[in-house]
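Listed in TrEMBL:
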DISULFID  Cys91-Cys108  disulfide bond
DISULFID  Cys107-Cys176  disulfide bond
BINDING   His175, His193, His202  Cu cation A binding site
DOMAIN    193-210  domain 'Tyrosinase copper-binding'
BINDING   His323, His327, His365  Cu cation B binding site
DOMAIN    358-369  domain 'Tyrosinase copper-binding'
Amino acid sequence: MASSFLPLCTHPAFSNTSESSFLPKPSQLFLQRRHNQRFKVSCNANKHEKDNLDVVDRRNVLLGLGGLGAANLAPLTANAAPSPPPDFKTCGIATITADGPPVPYTCCHLPMPSNVNTIPYYKLPSMTKVRIRQPAHTVDEEFIAKYNLAISRMKELDEKEPLNPLGFKQQANIHCAYCNGAYKIGEKVLQVHQSWLFFPFHRWYLYFYERMLGKLIDDPTFALPYWNWDLPKGMRLPPMFDREGSPLYDERRNPQVRNGTVMDLGSFGDQVQTTELQLMSNNLTLMYRHMVTNASCPLLFFGGRYVLGSTQGVQGTIEKIPHTPVHIWVGTKKDSILPNGKKSYGEDMGNFYSAALDPVFYCHHSNVDRMWNEWKQIGGKRRDLSQKDWLDSEFFFYDENKNPYLVKVRDCLDTKKMGYDYAPSSTVWRNFKPNKKNTDGKVNTGSLPSATKIFPIFKLDKAISFSINRPASSRTQQEKNEQEELLTFSYIKYDNREYIRFDVFVNVDKNVKADELDKIEYAGSYTSLPHVHKDGDKDHIATATLQLALTELLEDIGLENEETIAVTLVPKKGGEGLSIGCVEIKLEDC
């Protein structure tokens, strides 16, 4: 039977608290209610914990449970509205912050439209031939020559016409402006990551970028390649990007990605000491978990509803992994020394502000975009969102003729109507459902502390195991089809200047082999890429939610009928400065 208390994770008492606020009094945490589908959450702070919070400094509170604002409530049901285009007059200056004085970085050089009030909406042109995006590791020398020429001409514009929107740096600045707090709408910062804006924004971004490259070489059939990292043959940096001296080469990349090194789709900045075969097996498991198991519902795949100005991030499954880890794997290692002798802040692919300065960014995101198409082909409830707040959200871009346009999400749902498609490639990950086990039978949950005694976690610096109750067991197939069972970690807080990664396992203890992900018990991971910050931002605290689907997982492990399960968190990177407010298992409509 479900608890008779409203869970702390979604309690309205937090809706008016500020970023620096402390926990409310324990008496404010629970209200009576009826027919709640969630089990009682496990982060009910007692008076002793509250007293301890009152005496720690503000930074520790922010990294702990400070800032439980309205934007944090109920990630799958938060209020949203269509996101309008940015206010071009309010584009700010970001600063790269690390040890030492902040370094200003301006990413808003895009020319101002002559009249911001009369920018037309873009109409997709009629196409006589669909552009076909090919796997990057299969393209021939003729294509590589065209690609090099197009990028070379785009880079030449940086010197000849610094404000030309077709210029290489101008195109890179688009990502910086939309993703690092430079653009605002009213007084609220616009952010297209960690929400349902992630996929449509990047689709439109690549659409115009691709057409610009074709324009620069007078080839309207030119199509971006896609980095086929979901296929074992493509799990390396595409060779055309590893030729020193070519326009596609970036000297600021992590040198460890060169010469055919097998990549890590769960990268957190450090090399995993394992075999190439195990790494590829891990990669395929990550693809299966984040494209199939954890992406059974649209809002899990696309990300949470976007609330303008929200500091709470609810990433979609593919944005978490492999999107972010590929950025981390390619980007310069933080605090390393660049070839020019300067200190790295996780340059180019390794940081949001600079990611699009590496030509491989667009090849990477081409495959991310392809995952949108592949996901819908899996079937079930995997379909585009229907909410008008998503469909009517808008972005601003220049086209290949330097004309400014507004675009809507609803106009980018069909790539063929946009004039491009993907050459087919094997999706071996669809059949890579883990079948090996870490443990035999059920872990003794009675030997583990309950989640109520573990949360809130103020520092995830070691593996932690706990038991947690489920809202329902032995569900029928119809019930499973109607609602997904979600393991939800809320109020995740961390310093967003750092790389973050932690893994989640079900039905194992702290001795789990954390580098072998191709096991049934692996549930999913949380990852984060560093940001730079707007001038005056001193706290650098990000807030996020992680949701992992349990229905298929519990079937495979054989725990469908259990009322209590064991969960283990394994930190991989940045756990010393990471806290998690609470955990709950709940049933959500897809």
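Glycine is treated like the rest: Cβ placed from N, Cα and C.
Just so you know, TrEMBL annotations never went through curation; they're auto-generated.
What you are looking at is a predicted structure, and each value in this text was computed from that prediction instead of being measured.
Features as recorded by TrEMBL, highlighted on the structure.
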{"residue": "His175", "record": "Cu cation A binding site", "Cβ neighbours (10 Å)": "24"}
{"residue": "Cys176", "record": "disulfide bond", "Cβ neighbours (10 Å)": "26"}
{"residue": "His193", "record": "Cu cation A binding site", "Cβ neighbours (10 Å)": "23"}
{"residue": "His202", "record": "Cu cation A binding site", "Cβ neighbours (10 Å)": "25"}
{"residue": "His323", "record": "Cu cation B binding site", "Cβ neighbours (10 Å)": "24"}
{"residue": "His327", "record": "Cu cation B binding site", "Cβ neighbours (10 Å)": "25"}
{"residue": "His365", "record": "Cu cation B binding site", "Cβ neighbours (10 Å)": "24"}
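Neighbouring residues of the recorded Cu cation A site, listed in sequence order and excluding His175, His193, His202, comprise Tyr178, Cys179, Val192, Phe198, Phe201, Tyr205, Phe352, Ala355, His365 (Cβ within 8 Å of the Cβ centroid). In the domain 'Tyrosinase copper-binding' (358-369), the DSSP tally of helix, strand and coil residues is 10 helix, 0 strand, 2 coil. Between the C-alpha atoms of His327 (Cu cation B binding site) and His175 (Cu cation A binding site), the distance comes to 14 Å. Comparing His202 (Cu cation A binding site) with His365 (Cu cation B binding site), their Cα atoms are 7 Å apart once rounded. Taking only the Cα positions, the spacing between Cys176 (disulfide bond) and His193 (Cu cation A binding site) is 11 angstrom. When DSSP labels each residue, the domain 'Tyrosinase copper-binding' (193-210) comes out as 13 helix, 0 strand, 5 coil, counted as helix, strand and coil in that order.
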